Amino acid sequence: MPTTGQAARPRSWAPADVGRMQLRGVAQVALSASPWTGLLFTVALFAGGWRIGVYGLLGVAASTVAAFVLGADRDGLANGLEGYCGCLTSIAIVVRLGASWRTALLAVLAAAVCAVLGAAVGHLLGRIGLPALTAPFCLVAGVLAPALPTAPAAAAPPLPGDGATTLSASELGHAFCDNFGQVFFLDKWYAGLILLVGLLVASWGAAVAAACGSLAAILTACAMGLPAERISEGLYGYNAVLVAIALAATFLTRTPWTAGYTALAAVASVPFTAAWQAFAQPSGGSPFTWPFVVTTWLFLAAVPALDRPGLSFEKAK
Amino acid sequence: MPTTGQAARPRSWAPADVGRMQLRGVAQVALSASPWTGLLFTVALFAGGWRIGVYGLLGVAASTVAAFVLGADRDGLANGLEGYCGCLTSIAIVVRLGASWRTALLAVLAAAVCAVLGAAVGHLLGRIGLPALTAPFCLVAGVLAPALPTAPAAAAPPLPGDGATTLSASELGHAFCDNFGQVFFLDKWYAGLILLVGLLVASWGAAVAAACGSLAAILTACAMGLPAERISEGLYGYNAVLVAIALAATFLTRTPWTAGYTALAAVASVPFTAAWQAFAQPSGGSPFTWPFVVTTWLFLAAVPALDRPGLSFEKAK
Amino acid sequence: MPTTGQAARPRSWAPADVGRMQLRGVAQVALSASPWTGLLFTVALFAGGWRIGVYGLLGVAASTVAAFVLGADRDGLANGLEGYCGCLTSIAIVVRLGASWRTALLAVLAAAVCAVLGAAVGHLLGRIGLPALTAPFCLVAGVLAPALPTAPAAAAPPLPGDGATTLSASELGHAFCDNFGQVFFLDKWYAGLILLVGLLVASWGAAVAAACGSLAAILTACAMGLPAERISEGLYGYNAVLVAIALAATFLTRTPWTAGYTALAAVASVPFTAAWQAFAQPSGGSPFTWPFVVTTWLFLAAVPALDRPGLSFEKAK
């Protein structure tokens, strides 16, 4: 993932530096390297529940330490690039298993594996010019989900209906906010709102892109006739939010063409998410952020093959 | 996919040129760039039902226009390489949902996504010397299938029996023709026969290869003891038909070694198709042409590693 | 896969050479090129049942002959690299279907496909510096499993419990040995022990690594609360055994860092195996050695991206 302009090579391991690295690890979930964004994201995690906050920070720390011990790239470490997958993995584990010493041990081990997979995925994808995104988290969480004890009752998610779905104003508001919150497994609307403010602190463009992605996802899900309850829980839109941040505000230049291209990608991520839920749920799995990762990879890989002025990478590779 | 000898760069956008591009888009499903083949294929689509014909042409048009707007390669456009995945995707959608304005909108959007994925897959696979084949269609259709409302009753397909299957002469004839028809989701034997004639117009070699592939698939399915009803519907053989066209008549030189190699690939595609059906059906999916795509990729990727005189690519890469 | 020091290019096709090639094909399942290891492995196969022994040898022969006919690399042939996937595939088939002429024909065809896929996977992965491992076997066996008639009752494997699992001494002993045996689908403890002796003949380091991998897997499975019965059948540990041989005794230099890194990989392979079982079982599938293959690929791909003295490839690439 890209870093902000400031070249953040740690000169010392002073507590302030370590704290900044920790907060950046949380912020990198939304492809930002700003510690202030990380601080607001952490507040949102604690707003979702103290366990989520504690485990999120634990995951960042465990993954970053493991990457440090294994000799990962120092610049990446300082920018939090070794922390965000551990953060999400640790939260996914505590949400499923509840807090306990056994859960904490598992979260630390899983975060350490995230550090290894981050290096592997980065190395393999670096050759073809694609970013790792949250793929290490998706791999680890995807493996753990069906292997853990308290699997949810393996009911297939409800199928979409024949007509379009209508949302009440309250459902619409919840859906808009929870599309942010579900990135971190949060289901409280105010937690999602704090995440949006965190994005705004990092970059005006990222916040606008994310908000548009959230709206596009709600429109698409309603047009597909997906159930209102699940739409308002944000279950179909968190991938579109991330897709919009990645394409429109991070990897591609900001032009009207990019905006349209991103809108197509955000729309496409909704049936992708619904399909992955239908596929993974029977064995106790979840799509996690795979739809975001795969959609972004494919839409980024297409750019060099398209000769469209106005559709290009932010910086030449 | 390869193009025929004629370098078809569009000099103008005259209606005749656009029509040729449209027909080539249909023909490229079977790796041909002949507009006459495309015309016969289109006749076969309408023989299968007017909705299939209309949506097939709509898909080609939508995907080609999207690729044009996004700046895809002009030679590929003129040769129909930007149309065939949109064609198949659009047919897959109308077969599942029935014709309506909502279906048409979905088909257009899905075809546009096909254009993006075509660029992405072509870019990623071009590095390792493999063709995109129908992978963009399989990706889009594979995502839409479990996400769409009217999923079929999720019954697992019948398992093969212990002994070999015997077919009546009528079942054998239907199986032979429907192995062609199912490439386009057609289940009428005469539609399959028109497709075979279309292949013959494009290339004598492609038609012979496809016919042999169809027979090899029937033999394999019978030897495996798969149910006669499904064999005669062409559900196990359409991938073998495409594998035979791709390997024996498109990418590899025509030698006896290639013929034997292709036969092994066509035979292997049958259990692959049966397995993918068993795997995908419970979540409302289908193998689509994934078995063709993956088998062809693997058998093509093996060629450079094998030092067998008589087994080589049609033209050096 | 790497070869032992002796450059074994076949000068003649004398019976002794052919026999050695055959035994090496069996030994390469555990990444060894020693014919003595192959001899002991073959004894273990016959200890597991004469059918397993006969089909194992048949698979090695069929796959090696197919690779020879197709012009595969002569050094690889002589070192058994074209035999091990055919061996495992053939055993997987006979275990599922029982011995018969039809089974033998299927085993020969499947082994021939293994030879093609071995070339394809080797070619594709060679570019990124990764070994093929048992991926061709996993592909072929993974396709055949849901396509074959006598699928097991599609019961999902039992989920792990909430607490840790305690094993009796007898269960512990069985688990330790069967973790070796299950590499070859063997469920007799003495067959596993013979395999361990075979490893010891090839390399002291490989045997120690494998034994530690087996113990690490048992500990992990117990800590996860997986059912004692399945642990003692070796169903969770055979991938860890192979991961340990591949990482600690084959591809990486032997250092304390490698030992720790391998331990993390072996531990990670256990939930991976349990998850893949939960995922594949409903459609009649099995993880086969996919968890070993994928874990080893990812942990090998991470090494070049990590700047850790003491963690490096055995020989520079």
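Cβ coordinates are placed from backbone N, Cα and C, and glycine is handled just like the others.
Positions annotated as transmembrane segment by TrEMBL: B:29-46, B:52-71, B:83-99, B:105-125, B:132-151, B:190-223, B:235-252, B:258-276, B:288-306.
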The transmembrane segment (B:288-306) in contact with the transmembrane segment (B:52-71), cutoff 8 A, at least 3 CB pairs, sep 6+
no
Might you confirm whether the transmembrane segment (B:190-223) is in contact with the transmembrane segment (B:29-46), defined here as three or more C-beta pairs under 8 A between residues 6 or more apart in sequence?
yes
Six or more residues out from either end of the transmembrane segment (B:52-71), which same-chain residues have a Cβ under 8 Å from its Cβ atoms?
21-22, 25-26, 42, 45-46, 77, 80, 82-91, 93-95, 99, 103-104, 107-108, 110-112, 114-116, 118-119, 184-186
Close approaches to the transmembrane segment (B:105-125) from elsewhere in its chain (Cβ under 8 angstroms; 6 or more beyond its ends)
55, 58-60, 62-64, 66-67, 70, 72, 81-82, 85-86, 89-90, 93-94, 97, 131-132, 135-137, 139-140, 144
Residue list, the transmembrane segment (B:190-223) vs rest of chain: Cβ under 8 Å, 6 or more residues beyond ends.
27, 30-32, 34, 36-41, 43-45, 47-48, 164-167, 172, 175-184, 231, 234, 236-237, 239-245, 247-250, 254, 262-263, 266-267, 269-271, 274
Same-chain residues near the transmembrane segment (B:83-99), Cβ under 8 Å, at least 6 residues beyond its ends
21-22, 24-29, 45, 51-52, 54-64, 66, 106-107, 110-111, 114-115, 117-118, 134, 136-137, 140-141, 144-145, 148-150, 184-185, 288-289
